[in-house]
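Data block below; observations after.
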Amino acid sequence: MNIFNNHLHETDKEIDEIIKHEKLRQNSVIELIASENFVSPAVLEAQGSILTNKYAEGYSGKRFYNGCEEVDKAENLAIERVKKLFNCKYANVQSHSGSQANQAVYLALLQPGDTILGMSLDSGGHLTHGAAPNMSGKWFNAVSYSVNKETYLIDYDEIERLADLHKPKLLIAGFSAYPRNIDFARFREIADKVGAYFMADIAHIAGLVATGEHQSPIPYTHAVTSTTHKTLRGPRGGLILSNDEEIGKKINSALFPGLQGGPLMHIIAAKAVAFLENLQPEYKSYIKQVISNAKALASSLQERGYDILTGGTDNHIVLVDLCKDGITGKLAANSLDRAGITCNKNAIPFDETSPFITSGIRLGTPACTTRGFKEKDFVLVGHMVADILDGLKNNEDNGKAEQKVLTEVTKLIKLFPFYTR
């Protein structure tokens, strides 16, 4: 078989069918998973290009392989564009994921056994910020801070107390499920007080930071990490930023050869495309719409009597606390899925249920905002979600409500077609 003569549908019908079905699924549902988004055809084209063939260990101009002239140009473009996007002096675009971006910073700045201080998982933190099952919780002495038990907001005085007590080498700000703004300046004050490095993981809010809709951590941190998907609407991958170019040199060495081998040049090219898209004026309008849509979604659920954690949102995340409703997050997410609405079960602060069950759900607006949804559409979505939750409160077999909402979902999404070719 000459592999160059056949297309996917000729070579592997099974994978071709899977991709077709997934395309149909993405077109057919209301996507509320806060960490997901839809990339442009241009990003897809770069990601699926022949750049996937090129091995390029090292950095631009200092590769261990010949023939890297063109991929060097692609990586240089990605770096210059993202530095402009975030107004910073240093960027590394090679990390394969946000988790590996975090690991590279740890490898650059810490030694095994050093103390790190990050947000606990049940308060909205991320696995890589010191959770016990993660390497960050195994290699380091990981201490966690929580949100306030009454307001569910970050308690900066408590973080300062813990920092004074434990003297961390690294203080981490960032989250996977926290709906309010972060005071990076306050974090830096705490870090300086105890002589710690300060890292911000902005994987969820990178788009908000890039457009000025959230305080930038760049002036206050030693290192900033992010994913390149989520609100940045690029390919799945990671990113590291800093204004400290000496720390940048350490991070470069930590990522390669310390942590990774060859970078994924097709992904880096796709990152460059996404960064160019994000430098356009339309992107700022998009992020503003993401936030407005999240506020509309939260308000519509509150009107239906559901508890929204912290009473609302400043970003793209809406956390629904289902404790008083007697519904688990798992039950709610599965029922919503059958009704054509995808989200994820999510722990709420001080949750006593299993992380596989949870007492809440996490909703997000980036993906459907990309499709073109506005506030009025998210008000409708909020009522659809509430209809499913109402049904679960009264009857664990929620088939009737699911079918009704699925019909409404199908009607709404037909107004917002995408990936049509």
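Backbone N, Cα and C atoms are what each Cβ position is placed from, and that goes for glycine too.
What you see is a predicted model, and the numbers here were worked out from it, not measured in a lab.
Sequence annotations record features per position, and here Swiss-Prot assigns (6S)-5,6,7,8-tetrahydrofolate binding site to Leu121, Gly125, His126, Leu127, Glu246, Ser354, Pro355, Phe356 based on sequence analysis. Feature annotation from Swiss-Prot assigns site 'Plays an important role in substrate specificity' to His229; the stated evidence is sequence analysis. Here Swiss-Prot flags Lys230 as N6-(pyridoxal phosphate)lysine, drawing on sequence analysis.
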Which same-chain residues, if any, lie at least 6 apart from Phe356 ((6S)-5,6,7,8-tetrahydrofolate binding site) yet have Cβ under 8 Å of it: Lys330
C-alpha spacing of Lys230 (N6-(pyridoxal phosphate)lysine) relative to Pro355 ((6S)-5,6,7,8-tetrahydrofolate binding site), in angstrom: 22
Leu127 ((6S)-5,6,7,8-tetrahydrofolate binding site): tally of other CB atoms within 10 A of its CB: 16
Whole-number Å value for how far Lys230 (N6-(pyridoxal phosphate)lysine) lies from Leu127 ((6S)-5,6,7,8-tetrahydrofolate binding site) (Cα to Cα): 17
Diameter of the (6S)-5,6,7,8-tetrahydrofolate binding set by C-alpha atoms, the set being Leu121, Gly125, His126, Leu127, Glu246, Ser354, Pro355, Phe356, in angstrom: 43
Cβ neighbour count (within 10 Å, all chains shown) around Leu121 ((6S)-5,6,7,8-tetrahydrofolate binding site): 22
Rounded Cα separation (Å) that holds between Glu246 ((6S)-5,6,7,8-tetrahydrofolate binding site) and His229 (site 'Plays an important role in substrate specificity'): 27
Using Cα positions only, nearest of the binding-site residues to His229 (site 'Plays an important role in substrate specificity') (Leu121, Gly125, Ser354): Gly125
Glu246 ((6S)-5,6,7,8-tetrahydrofolate binding site): tally of other CB atoms within 10 A of its CB: 9
The residue listed as 'N6-(pyridoxal phosphate)lysine' and His126 ((6S)-5,6,7,8-tetrahydrofolate binding site), Cα-Cα, nearest whole angstrom: 15
Three-state secondary structure, Gly125 ((6S)-5,6,7,8-tetrahydrofolate binding site) (per DSSP): coil
Length of the line joining the Cα atoms of Gly125 ((6S)-5,6,7,8-tetrahydrofolate binding site) and Lys230 (N6-(pyridoxal phosphate)lysine), in Å: 16
Whole-number Å value for how far Lys230 (N6-(pyridoxal phosphate)lysine) lies from Ser354 ((6S)-5,6,7,8-tetrahydrofolate binding site) (Cα to Cα): 26
